[in-house]
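Asks: Sending over a structure as structure tokens; questions will come in a sec.
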């Protein structure tokens, strides 16, 4: 990764009556614009996210999406949909006076990158996508219902289902929704920690015991659940795949971990079949962007796409 430099410009943008989103710029003010779209939904961005881009070459824009990270109010699901986030990205671009930019997103960030590019293809110079997630029911069931990745980590799964009454475990996402939006804050925080611990375990190529902070877990647990319950506000299983024609002209590199248990290879494969113009690069890695094989592959992907952006 590149040196992590401090932002030269940052602030908050009022994007609705309720929400203010945090934004920052680092790197070269006159460089090639790139926006980093974090995962989750609700994960927020970290300073390390700047490190995928050469700060001498890129004007690096990072935002925290509605309800998470440094954005305000925290863990708020009201007025918080995929299409709200797409509109927010455009508001940031317009505020910063950027004509077109490279869009870089992983996991949920890949969903949002594709949704944004398909809505505003004229504003996208290129796409670098990692850990493809299309927000299809089959993908959320794999993650958070019995019979998916639960078969691989049954001991961790037992902890994940523990907050849910046995007679509700046939619809865990719905059952968790009731807990994560409960009026009792202790109920919310306990459920959020169980949800986040499960996911944190899955994203590591070499899993280790995790103990996430309950309050820090609330945004990702609540917002992921909110989006999953609502199908990401996408119309059907092939909502993104059926609109690839809008972005086939955009230079695109897909980086996918072969052993990714959070966003399995099948979604990257489906995207590459629908979008043969994109280059699919499969890495011997899991899901987490900061694992060394994925870091190297992502930095290389950004370097390789650069000539197409100039």
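Even glycines carry a Cβ here, placed using N, Cα and C.
According to Swiss-Prot, the record shows the following:
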- 33-290: domain 'AB hydrolase-1' (DOMAIN)
- 107: active site, nucleophile (ACT_SITE)
- 260: active site (ACT_SITE)
- 287: active site, proton donor (ACT_SITE)
Asks: I'd like the Cβ neighbour count for residue 287 (active site, proton donor), meaning other Cβ atoms within 10 Å of its Cβ, all protein chains included.
Replies: 25
Asks: Do you know offhand how many angstrom separate residue 107 (active site, nucleophile) and residue 287 (active site, proton donor) by C-alpha?
Replies: 8
Asks: Same-chain residues six or more away whose CB lies under 8 A from the CB of residue 260 (active site)?
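Replies: Sequence-distant Cβ neighbours: 131, 285, 286, 287.
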Asks: Using a 10 Å radius around its CB, how many other CB atoms surround residue 107 (active site, nucleophile)?
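Replies: Around the Cβ of residue 107 (active site, nucleophile), 25 other Cβ atoms lie within 10 Å.
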Asks: If you average the pLDDT over the domain 'AB hydrolase-1' (33-290), what number do you get?
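Replies: Average per-residue pLDDT within the domain 'AB hydrolase-1' (33-290): 96.
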